[in-house]
Amino acid sequence: MALLMEKGSKPTTDSEVSDLEGIAALKQSTAVELKEQGNQYVKMGKKHYSEAINCYTRAINQQALTDSETSLLYSNRSHVNLLLGNYRRAITDAEEAIKLCPSNVKAFYRAAKASLSLNLLSEAKYFAEKGLELDSSNVELEKLVRQISALKMEQDKQQAEINKALAVAKDLVSAFGDRGLKMGKAMYRELTGLKKPVLDKNKIMHWPVLFLYAEVMYSNFIEDFCEMDTFSMHLDMMYSESSPPLPWDTENNYTREEIELYYEVGSGVCLPETKVLQYLLEGTAGANIECEKEEKDTSEHGFSRGCILLPSLLFTCPLF
């Protein structure tokens with residue numbers, strides 16, 4: 001009797017052959033019936049999608065259909081998973097369908113849709129274009145390719161902006177190292193916003209510098225203070241005879257001869273390189289990226305060039 005045969009053994013009698021053929025026919029009939037039941041459940045709406053998946057799964061497990069027919073079962077299950085938002089499972093089922101039948105256009109379409117939903121644009125583009133190769137007049141695939149291409153172009157543009165911002169920030173961090181500078185937390189952000197140091201084409205650094213007039217609670221902000229400049233150069237311009245009088249200095253106490261400038265270095269805790277990099281990326285396209293390499297914390301004090309707090313009220317350069 002065929003039911004008592006050991007796994008992997010071959011039938012030796014006509015009776016066993018007949019029994020095996022009957023079992024195969026029964027399993028095939030069951031698989032077809034389960035497939036039709038699954039299709040009906042899909043038509044009945046979302047409340048019955050899980051039952052549809054169960055039917056397709058049981059049909060697949062019968063292992064009684066041809067590769068082409070089984071490919072349709074995987075493709076159908078991919079469709080239901082796609083409707084349920086199970087995008088990873090939808091991709092997996094679509095890929096199984098494609099392995100069994102490389103000409104299954106619907107499987108390529110569903111793999112592309114699921115990949116797009118996960119923002120896997122390269123994968124989505126691959127599946128959609130492969131599907132179009134099989135059916136060049138498929139309107140839905142053509143529409144999908146255009147949509148994916150537009151999103152891919154925008155994604156590539158954003159990535160280029162992120163790469164540019166990251167490169168600029170890394171160049172600045174490298175320049176700090178070349179100059180022996182250690183960086184601290186930004187100060188007076190409410191007055192300076194997101195202004196940061198920049199390197200010009202000649203690799204000369206330009207700093208944002210904040211002047212505070214503590215006695216009158218007033219400030220001046222120099223956005224571009226070249227590292228080759230001195231404070232005296234800026235003070236000469238700010239308090240020259242040709243400069244307009246300070247509107248808040250009604251008694252004319254602040255003159256070039258009378259003003260005294262104080263600055264401080266080496267105060268505060270210096271930040272590790274990754275923290276400085278994150279600060280420099282604020283307000284740029286790369287603001288949300290995570291710096292992978294964690295550098296050693298350099299919180300020591302007393303560096304030869306001091307700890308600069310950005311934007312730079314505390315700045316190491318000669319006064320006169």
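Any Cβ shown, glycine's included, is placed from N, Cα and C.
Per TrEMBL, repeat 'TPR' is recorded for 71-104. DSSP labels the residues of the repeat 'TPR' (71-104) in these numbers: 28 helix, 0 strand, 6 coil.
Same-chain residues lying 6+ beyond the ends of the coiled coil (134-161) with a Cβ under 8 Å from its Cβ atoms: 103, 105, 108-109, 112-113, 116, 121-122, 124-125, 128, 285-286. For 134-161, the entry in TrEMBL reads coiled coil.
Mean model confidence of the domain 'Cns1/TTC4 wheel' (200-266) amounts to 84 (pLDDT, 0 to 100 scale). The domain 'Cns1/TTC4 wheel' annotation in TrEMBL covers 200-266.
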